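Database features (TrEMBL):
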type	residues	note
REGION	165-203	region 'Disordered'
COMPBIAS	171-181	compositional bias 'Low complexity'
COMPBIAS	186-200	compositional bias 'Basic and acidic residues'
DOMAIN	207-261	domain 'PHD-type'
Amino acid sequence: MEAAGRAPSTHPSVEEVFLDFKGRRTAIVKALTTEYKDFFQQCDPGIFLSLSKLFFFFLEIASSAKDDLCLYGFPNEVWQVDLPAEEVPAEIPEPVLGINFARDGMEERDWVSFVAAHSDTWLIAVAMFFGARFGFDKADRGRLFDMINDLPTVFEVAVGKVKKEGKKKPPVSNHSNSKSKSNSKRGSESQRKNSKAMESKEEEQGETACGACGENDAAGVDGFWICCDICERWFHGKCVKITRAKADFIKHYKCPTCSIKKLVNCSFKL
């Protein structure tokens, strides 16, 4: 499949169409997770300046303001925020328009969910478009969909609901170094400290209060808690501005207090 994202000129196999889908999906997952900061900035609902318009910036700055932007994923695992295709109809299905306008009008988590869900729809549309264009029969289409369906959706990965295959939840009596909190009641204080959780807390007596707001509601603000690896205190994810999706990429979490202490200690050493 071509890296530029256009329909190939030869008839691809089911495996080739799946690789095209997989590359585009990987690109969009990057935009919504590991490269999210850059993606968020490029979706500024104000002035959008693409590289193709850079030369004309000082002459036509007004013409680049407030355009409807799309999130594209390409087979070479590169993503891009850009204007929609000029030709109608486009060579392949187009992503949803206007993600930049929705950015500041929604809660950030809701906006990410919105973009992720539309991206899943677009990815399947592109794959099935190739299937239809190149004459895949019922068996081929079914096989392609099964291969796609074996992967977690972009929504599941970005919003943090993907289930890790091959990982069994440890018994309550065992210690765990993961950042996912068991729904079962804690058997001892040592279990609480060593179980690094991200799932909802069950309602129980003597619950730990959030280290930021001091509340000890069982489910947390949105059902998500995270534990500091330094001071071992628990925090509502919302209180420390950590989402489930972000926590998946944090190897060792340090709460704001412990981060400040480290900076202070470093300054004294200097």
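The backbone N, Cα and C atoms fix where each Cβ goes, glycine too.
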- request: Grab the pLDDT values for the domain 'PHD-type' (207-261) and give me their mean, rounded.
  value: 79
Task: Kindly report the helix/strand/coil residue split of the domain 'PHD-type' (207-261) according to DSSP, in that order.
output: 10 helix, 6 strand, 39 coil
